[in-house]
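Here is the structure we will look at, set down as structure tokens.
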């Protein structure tokens, strides 16, 4: 038996496009013809440690399955948030993993994920170099947060941005119906970077100016300035809509949350987010009708409103990762570069994993206005191409048709 | 000048289909050829009291505009929550309104709304009878809550139900990715009736059994029973997903909320909903990973995922209201009856407004299982046809194209 196989896994938080990258890897492997079997490790790197694999060559046998996988939200293979130790401290996991690779004749390992997952790619690459393994280890980027370095933007971001922009427009329609003054706070994901919150600006059109303010983690949040912004806007507009990142902080770096000493009727305590905190600020200090809306996980799993641009790039990155492995590249992440903005075009490339893992990319300050309460045209221009194009979905019984996920099956107990 | 005009207005909370009914009224008026101008009162009945009208015959001149209006969420004409006094106590508003009708040669008035709006239709009808006015007054139903009487289901409900079912399926995909036990609580609108929460069951398919429990306002909520449900389910399933109505109450009729003595870092108090309350219950008593998701206003304004069935029925009801007025019907609400479930078919009719205003329709207890934690097949069968069919939307710049709403315009100050 002289098989040549490969393995793929997914890790971190879900996106609407992460399965498109998985489909891209599977497609790339089929095209290459150099691998006998493509294994999927279940729940990321944990799947290897627990010897839990799927035979993807059998499970996704044809184009129809591949296309369905492409539009399915979250991780077909499941995910994990598992940090490998430094192999210098404890190499037992590494020994086990590379033994598994040897046992299954794995020649290439593709890990689809965000910052933390790229840390795993880095550590596996370092260990592979140490033991002089020739297994190709390639990271395939994804994160709705768009905060990975060395890449123009991350797969998953465009779909989340499209959902946020469309939802913001719909919230604007929903908000402006009453002839009473009101403030609506929309809390959007993004703990350290404001890319997703900035994307709410894409809801603006020739009749809609909402969101009227955008507050980002990149700018220290000033409570008094916020209240002044709102008070001034209410002078000329009945209904003010605010987009705010969950990750806004004050000038001391403390998160703005409505968190302290919160107890309910059962005597429990809770943590609430930036949206609630701003809601209270308006309620207590301005006194108009106010509500907050947390878009929550819907922004990362609403594949029914995925960006076709995002999905096709995620797929292409998966395919390109396989090409790289064939060319002998390892210890790298597949990347994309924007070669032109109008017309929008990208090129696929790769970068050493060392400069990517554990780094994060924020919005450049010069792409945010001086007051720190809105974005500049440069950022709008950057964001705009990423949400273009609608994906073609099939509906059955009134809901979207996605790929049946193994761990969702009724008989699945893990 | 011997004009014959009519007027239409919208009231209450938004839905994804309420503008389809407005489009139906406008279309019906065009087809009838009996009216010169169709006026739209801005912000419901308040528009008449404040003499603020749009000339809809000019603003929606053609089929293209009508089709765009049909898919636009919330109220094109704005809304209000204004309760008219009993005319026997104070008839000044009535005198003013009917003077306005006379001045504008209004022969028919169509009011699109839910329970409260039908109260306005009833009161105007009673006053019209008293002064022997021959102005036809017709209510056109809408409410995502599906709690109007004398109608099989309400326009707006099917679209919200489709959004909830699709979103629940996407949340299931998002939830099942980690190999750790978790509970996800999804809070859905519905203060007094559980129809919307029940619709989450439409997310179930051959691989997805979520939501695993459904708690409705129709059944007294028992904290211990809930915890037992969750504990038992976690024995056979890693990730349990719960759908809960915002309106669940205990056996004393008190709302289940996480509300008491809640203070944040700014010293404010807050009210939180049933979802947060259940989240705390699980956190304190079971101790697994738990999160709550409030679908919030998205369920009522997400026109990008409207039900084609819902939209076409809402439109047909608007057209039928005009027909009724022509036939001399007044003091009524246009209704629909389900004449067959397989294949699904409806007939349009009308019912006296007196039996509808201020009444509410709950889910029959026999459509809920004995334990009160799930729905029965009968309810599934009732719900299923209402979310069928996808609406055709145009996208521009990556977001849906809706009808520019007058009060959303940048230069609009009301």
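Each residue, glycine too, has its Cβ placed from N, Cα and C.
Proximity of residue A:145 (active site, proton acceptor) to non-local residues of its own chain (separation of 6 or more, Cβ distance below 8 Å) is seen for A:114, A:154, A:157, A:189, A:190, A:191, A:192, A:193, A:195, A:196, given in sequence order. Taken from TrEMBL, the feature active site, proton acceptor covers A:145.
In the three-state DSSP scheme, residue A:13 (diphosphate binding site) falls into the coil class. Summarising the annotation, TrEMBL assigns diphosphate binding site to A:13.
Residue A:115 (Mg(2+) binding site) has a Cβ environment of 21 other Cβ atoms inside 10 Å. The annotation Mg(2+) binding site is assigned in TrEMBL to A:115.
Sequence-distant neighbours of residue A:144 (substrate binding site): residues of the same chain at least 6 apart with a C-beta under 8 Å from its C-beta are A:13, A:15, A:154, A:156, A:157, A:159, A:160, A:189, A:196, A:299, A:300. In the three-state DSSP assignment, the secondary structure recorded for residue A:144 (substrate binding site) is coil. The feature substrate binding site is assigned by TrEMBL to A:143, A:144, A:145, A:189, A:190, A:191, A:246.
Note on the domain 'Phosphofructokinase' (A:6-323): its mean pLDDT in the predicted model is 93. Annotation comment: TrEMBL describes A:6-323 as domain 'Phosphofructokinase'.
Taking a C-beta cut-off of under 8 Å and a sequence gap of six or more, residue A:116 (site 'Important for catalytic activity and substrate specificity') has these contacts in its own chain: A:11, A:12, A:81, A:83. Taken from TrEMBL, the feature site 'Important for catalytic activity and substrate specificity' applies to A:116.
Note on residue A:142 (site 'Important for catalytic activity'): other Cβ atoms within 10 Å of its Cβ, all shown chains, come to 32. The site 'Important for catalytic activity' annotation in TrEMBL covers A:142.
Other Cβ atoms within 10 Å of the Cβ of residue A:143 (substrate binding site), summed over all protein chains shown, number 26. Among the recorded positions A:142, A:143, A:246, the ones whose Cα sits within 10 Å of the Cα of residue A:115 (Mg(2+) binding site) are A:142, A:143. Taking Cβ-Cβ distances under 8 Å and a sequence gap of 6 or more within the same chain, the neighbours of residue A:246 (substrate binding site) are A:187, A:188, A:189, A:190, A:191, A:273, A:274, A:275.
Apart from A:143, A:144, A:145, A:189, A:190, A:191, A:246, the residues listed for substrate, the same chain places the Cβ atoms of A:147, A:192, A:193, A:195, A:196, A:245, A:247 within 8 Å of the centroid of those Cβ atoms. In the three-state DSSP classification, residue A:115 (Mg(2+) binding site) falls within a helix. With the fewest other C-beta atoms within 10 Å around its C-beta, A:13 stands out among the binding-site residues A:13, A:190. Between the farthest pair of Cα atoms in the substrate binding residues (A:143, A:144, A:145, A:189, A:190, A:191, A:246), the distance is 16 Å.
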